[in-house]
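As recorded in TrEMBL, the features of this protein are as follows:
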type: BINDING; residues: N14, N75, G85, N86, N171, N204, E227, R228, G237, T238; note: substrate binding site
type: ACT_SITE; residues: C84; note: active site
type: ACT_SITE; residues: C84; note: active site, proton donor
type: ACT_SITE; residues: C236; note: active site, proton acceptor
Amino acid sequence: MTRIQAAKGHGTKNDFVLVFDPHGDIEIDESLVRKLTDRRAGIGGDGLIRLIRTDALGDEATLQGDATWFMDYRNADGSIAQMCGNGVRVVAAFYEHLGLGDVAREPLAVGTRAGVKTVTKDSQSSWYSVDMGPASLTYGDAARSRGADSEVVADGLGMAPRAALSVDMGNPHTVVALATPHELVGLDLGSQPAVTPVPKDGSNVEFAAILDPPRAGVGHASMRVFERGVGETQSCGTGACAVAVALHEWGGPSSPRTWRIDVPGGSVEVDLSNPATVVLSGPARIVADLDIDLTQLG
Ligand SMILES: N[C@@H](CCC[C@H](N)C(=O)O)C(=O)O
């Protein structure tokens, strides 16, 4: 195969190359992902998403319940990730763009390596909401009483390690609370923050600061993220969920269960009001259809 049909999309500027491969005909390997996500010689993206039918999957098909479609997610460095919160909303927008259905009328169940996630759409705002399933503390309840389980050193935050909480959203996150939004500005994410203990499969690292006191029960925070397998990105949906979970842990039971999280690429909302699940809402856009000549890449 020398040409593939693809698209470009983003959710709060977390951008993806979207490959429609219903029957699993395209061999997606690390080298192809790197070439397609290259911002100069390729299309450019923080990651690549292949939309493939679950009945075309090999072993992974058994995990996908009733979902017809699977989000095969790859980071820009070619590594495989379990889940992407912005990506799964963009998958729903891609599904609509391809004329496969209308998510505002019928929710879409998307298979992922972290289980099936159901996406709905508010037809007025055009925002998509994803039922992300439960969050958990990576190191268990012992971390809950201490409020931290790790330390992070990052450029621009001084030499002293910052306390952090590790949150599992299907993929790994390490959340650092900053004292003021000003600290977010001084943070330099040009190089990877050092996390101790070193997470065995790596981690996405979020830095969060509360912006305003809660209004009508809604908290408001800002975050920046260094994504595993990418570097600094403009947004991370699972990261925003991890930040809301950590802020609620730190704030105690009376702290907000709904959070507006500002990211460099926009804003998303995270709802923790159902203790059994986390709901992420935000925009998703498809901005281009692509006919890619694979022989010209790299
Ligand atoms: N940007 C995504 C997360 C993508 C995967 C992540 N880099 C990982 O390796 O876990 C999101 O919106 O959640």
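Backbone N, Cα and C atoms are what each Cβ position is placed from, and that goes for glycine too.
Because TrEMBL annotations are produced automatically, they should be read as predictions rather than curated entries.
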Query = Which chain neighbours of the substrate site, leaving out N14, N75, G85, N86, N171, N204, E227, R228, G237, T238, have a Cβ atom within 8 Å of the mean position of the site's Cβ atoms?
reply = G47, A81, M83, C84, G87, V225, T233, C236, G239
Request  = Give me the largest Cα to Cα distance among N14, N75, G85, N86, N171, N204, E227, R228, G237, T238, the residues the record lists as binding substrate, in Å as a whole number.
outcome  = 16
Whole-number Å value for how far C236 (active site, proton acceptor) lies from N14 (substrate binding site) (Cα to Cα) = 7
Remark   = C236 (active site, proton acceptor), DSSP three-state class -> coil
Request  = Translate the DSSP assignment of G85 (substrate binding site) into the three-state scheme.
outcome  = helix
Inquiry  = Let me check the 10 A CB neighbour count of N14 (substrate binding site). How many other CB atoms are there?
reply    = 32
Key: Neighbouring recorded positions, C-alpha within 10 angstroms of C236 (active site, proton acceptor) - of C84, G85, N171, E227   = C84, G85, E227
Key: Listed in sequence order, residues with CB under 8 A of N171 (substrate binding site) and six or more positions away   = A81, Q82, M83, C84, A114, N204, R228, T238
